[in-house]
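Annotated features in TrEMBL:
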TRANSMEM  22-43  transmembrane segment
TRANSMEM  64-86  transmembrane segment
TRANSMEM  98-118  transmembrane segment
TRANSMEM  125-146  transmembrane segment
TRANSMEM  152-173  transmembrane segment
TRANSMEM  216-233  transmembrane segment
TRANSMEM  275-297  transmembrane segment
TRANSMEM  303-327  transmembrane segment
TRANSMEM  339-359  transmembrane segment
TRANSMEM  365-383  transmembrane segment
């Protein structure tokens, strides 16, 4: 689902509002993605693991739900308070203030959307149906109401509507169908969950910071049109990565419960990792061969110059998939959160430095090179730690 809707919207928006305005929209989306890092605070992984472990204890599950949702709402409030004056005071953002103000609903919708709880309970069918409906509504609204470039600021409004629908529907589903009651949150419990998720938050912060930073850096070193071209191609790559995302996310709670239980599980982790790597490699090679035709057919002839960017970014599908499997599913479930956090931080410093340097000379190709080489460095650092487990 995460790959279907971006793939539908990218060509429509780039053709309807143009690359320059699409680049401005993408910059706003990057800002909100950074804000979502704080709202999520790594709970997508730490809370999923807690729910998975305590899945049969409804009182504990209710406690986790109440305190983590309350924490996320506080973070949504903080980020909203920060965004509003910045947008109204900074000249470069004031011209697009509606684009940013309409996007605040994304933060609140994400704060109350309990995907992590359904992942922990391994009942993704419920929330998937809700998200599919909400995303469909957002996409239809974009197609219906955004017909000319001047209406590009409405994109974030319609995305906010989708996020809020998902959030409220998810909370209703939890109470009505799962029988989990809402209880009063506790400051002490909120603090405990924050501390438990701290290392994961730092890891996801560092990882997302450098993965999203290319858009910001290109905005500083190039122009909105180049930002739009790079962002469209990068989103296609990320959408293709999402083909494997449901499988990877389903494995997280499974290995969270099982990884330390027996040698067979360690063996299974390594065996599945090899199969997963081969599948990722196969997809990457196929896309490399058909990539030039795919880019022109899908995005149009105006993206011919972006074919090389697409090919340079393609290894990210293979490298990024392995980093998620070995890093998030592997190291975090093995309790090596701090090592993973440091690995991502080191990679982030390298990526941002290289992106700024390379994009100053080679534009989008430089940014793509920095991204791909960063994923390779992260994989090598992860393998250094987890390789002994893979041999078991």
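One is the number of the first residue shown, and numbering goes on along the chain from there.
For all residues, glycine too, the Cβ spot is worked out from N, Cα and C.
Through the fold, the transmembrane segment (152-173) approaches residues 13, 17, 21-22, 24-25, 28-29, 32, 96, 98-100, 102-106, 108-115, 118, 126-127, 130-131, 133-135, 137-138, 141-142, 145-146, 182 of its own chain, all at least 6 residues removed from its boundaries and within a Cβ separation under 8 Å. Here the transmembrane segment (275-297) has long-range neighbours at 233, 236, 240, 243-244, 303-304, 306-307, 310-311, 314-315, 317-318, 321-322, 325, meaning same-chain residues at least 6 beyond its ends whose C-beta is under 8 angstroms from one of its own. If you look at the transmembrane segment (339-359) against the transmembrane segment (22-43), you find fewer than three C-beta pairs under 8 angstroms, all six or more positions apart, and that falls short of contact.
Just going by CB pairs under 8 A, the stretch in 22-43, 125-146, 216-233, 303-327 that sits most against the transmembrane segment (98-118) is 22-43.
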